[in-house]
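Annotated features, as they stand in Swiss-Prot:
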TRANSMEM  40-60  transmembrane segment
TRANSMEM  67-87  transmembrane segment
TRANSMEM  96-116  transmembrane segment
TRANSMEM  159-179  transmembrane segment
TRANSMEM  195-215  transmembrane segment
TRANSMEM  223-243  transmembrane segment
MOD_RES   Ser279  phosphoserine
MOD_RES   Ser297  phosphoserine
TRANSMEM  317-337  transmembrane segment
TRANSMEM  362-382  transmembrane segment
TRANSMEM  404-424  transmembrane segment
TRANSMEM  458-478  transmembrane segment
TRANSMEM  489-509  transmembrane segment
TRANSMEM  534-554  transmembrane segment
Amino acid sequence: MEGERAPLLGSRRAAAAAGVFAGRRAACGAVLLAELLERAAFYGVTANLVLFLNGAPFNWEGAQASQALLLFMGLTYLGSPFGGWLADARLGRARAILLSLALYLLGMLAFPLLAAPRSRSFLCGDPHPELVRNCSAPFPNGTAVCPDAAARRCAPATFAGLVLVGLGVATVKANITPFGADQVKDRGPEATRRFFNWFYWSINLGAILSLGGIAYIQQNVSFLTGYLIPTVCVAIAFLVFLCGQSVFITKPPDGSAFTDMFRILTYSCCSQRGGQRRSGEGLGVFQQSSKHSLFDSCKMSRGGPFTEDKVEDVKALVKIVPVFLALIPYWTVYFQMQTTYVLQSLHLKIPEISSITTTHHTLPAAWLTMFDAVLILLLIPLKDKLVDPVLRRHGLLPSSLKRIAVGMFFVTCSAFAAGILESKRLDLVKEKTINQTIGGVVYHAADLPIWWQIPQYVLIGISEIFASIAGLEFAYSAAPKSMQSAIMGLFFFFSGIGSFVGSGLLALVSLKAIGWMSSHTDFGNINSCHLHYYFFLLAAIQGATLLLFLIVSVKYDRQRARTDGGTASTRT
């Protein structure tokens with residue numbers, strides 16, 4: 001296949017008159033449906049992974065299970081640059097997505113196998129019985145000797161499945177977003193903006209279906225059934241994307257932007273050192289702006305080996321990276337939604353819900369995440385159809401960087417609200433505890449309804465509408481055409497760093513020297529820990545970063561305004 005294959009491109013003007021998606025609805029619909037199913041599978045894994053590993057027969061501690069989930073989510077983002085490179089240099093975006101969905105499906109098979117007793121015994125061996133000590137409950141003499149952290153059962157098989165799924169998710173994540181935008185990019189920035197809105201809407205619809213149905217089945221029916229359903233979702237997503245090949249706009253791989261980027265950076269650094277050694281000879285090369293001369297020396301017109309376009313693309317990337325760096329604390333807080341927020345949920349009073357059987361069912365702790373997703377489903381159409389058009393007509397539509405800053409403010413408020421709630425929960429635990437069984441595990445909860453967590457989830461949902469959507473839009477629109485997959489991969493790469501930072505901080509505060517989360521109690525109880533300190537620490541880090549981000553964003557907007565006249569035609 002040579003060049004770009006674009007079905008139904010005959011009459012662009014007529015299509016534009018009929019609507020920005022005219023002639024592209026089948027392609028966009030296939031992308032959105034595949035993403036919806038993929039997200040349903042992803043949240044089917046992550047929503048109750050802490051509960052799955054925290055319960056019998058695995059009996060991982062709450063902090064251990066939370067760290068595993070944070071590491072998994074970090075991998076799904078850190079692997080994105082590799083997925084972008086694979087698409088750009090070897091396979092093309094469409095084939096890379098198909099391959100990653102196949103790998104995704106292979107990894108998903110591990111979870112129903114771990115949930116089934118016979119296959120679990122084959123993979124992990126027979127369990128060794130251990131005495132569980134309830135160290136968090138009061139003793140008559142006020143003393144209790146807690147055991148050290150127990151070995152994590154089935155850890156190799158669990159992490160193998162998580163790694164395979166993580167690599168599949170990473171490659172899909174890096175490519176499906178720009179691939180979907182490719183279907184409408186010739187229709188202008190308005191089509192791209194609207195696609196990203198509906199793309200994010202599909203992500204959250206998949207999340208709601210997964211959290212509302214799959215999480216309920218996992219907690220109250222069976223983890224085996226609850227993990228078979230997301231496995232089937234990945235299989236259907238693979239078939240949908242395979243069948244959509246006839247209507248997709250596809251492009252062959254045209255070289256890796258990452259390869260060019262590293263070659264240019266290496267050459268520029270070497271030439272800078274050589275130029276500094278010759279600086280006393282009166283050449284005056286580095287008497288100009290060092291930032292420009294550093295990369296301009298790579299151009300053929302300046303005696304370098306690289307074309308003008310490639311050097312300019314790398315210069316554009318270097319200007320974008322500080323924004324991605326500033327988003328790391330945002331993602332660190334964001335990923336608490338499915339880890340420490342869930343751990344907090346399990347230690348609040350969770351109501352029972354009616355069922356058609358005589359078995360008592362409890363409200364899935366993961367359902368709180370739906371407040372975030374439902375809010376996004378409701379507000380994105382409102383934003384797309386009403387708010388944005390009104391702001392645009394009056395010239396008040398904020399830039400993507402300004403929207404990211406607003407999102408940072410709301411996520412800071414979310415972490416702060418979680419810390420306040422945890423402080424109150426610990427006060428109530430000292431007075432009275434409630435024993436509640438969730439997923440086969442007994443938790444000693446505070447007599448405080450789980451609904452008090454709604455504000456922190458709502459605040460994260462509002463932050464997503466501003467920061468996450470604007471971040472995707474910024475990564476795609478600020479990227480040169482030759483580096484769109486690469487920059488999208490870097491966007492997710494720095495998101496993954498945020499998840500790893502959260503895992504690292506959680507491990508750090510679990511050290512006995514700090515003692516915030518160092519209590520090894522009945523596989524997950526946090527009543528003798530100080531989780532609120534962790535939440536307040538996250539809020540403080542994000543608040544300080546917000547101030548720095550405002551400086552970075554203002555500087556970037558000014559630089560963009562200076563160069564926009566010459567490069568706007570290559571950006572969306």
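In case you wondered, yes, glycine gets a Cβ from its N, Cα and C as well.
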Surrounding CB atoms that lie within 10 Å of the CB of Ser297 (phosphoserine), all protein chains: 21
Stretch with greatest number of CB pairs under 8 Å, the transmembrane segment (195-215) reference, 317-337, 362-382, 534-554 candidates: 362-382
Cβ contacts under 8 Å made by the transmembrane segment (458-478) with residues that lie 6+ beyond its boundaries: 177-178, 181, 189, 192-193, 196-197, 199-200, 316, 320, 323-324, 327, 330, 333-334, 337, 371-376, 379-380, 383, 400-401, 403-404, 406-411, 413-414, 417, 484, 487-488, 490-491, 560, 571-572
Leading contact stretch, 96-116, 159-179, 534-554 vs the transmembrane segment (317-337) - CB distance under 8 Å: 534-554
The transmembrane segment (67-87) in contact with the transmembrane segment (159-179), cutoff 8 A, at least 3 CB pairs, sep 6+: yes
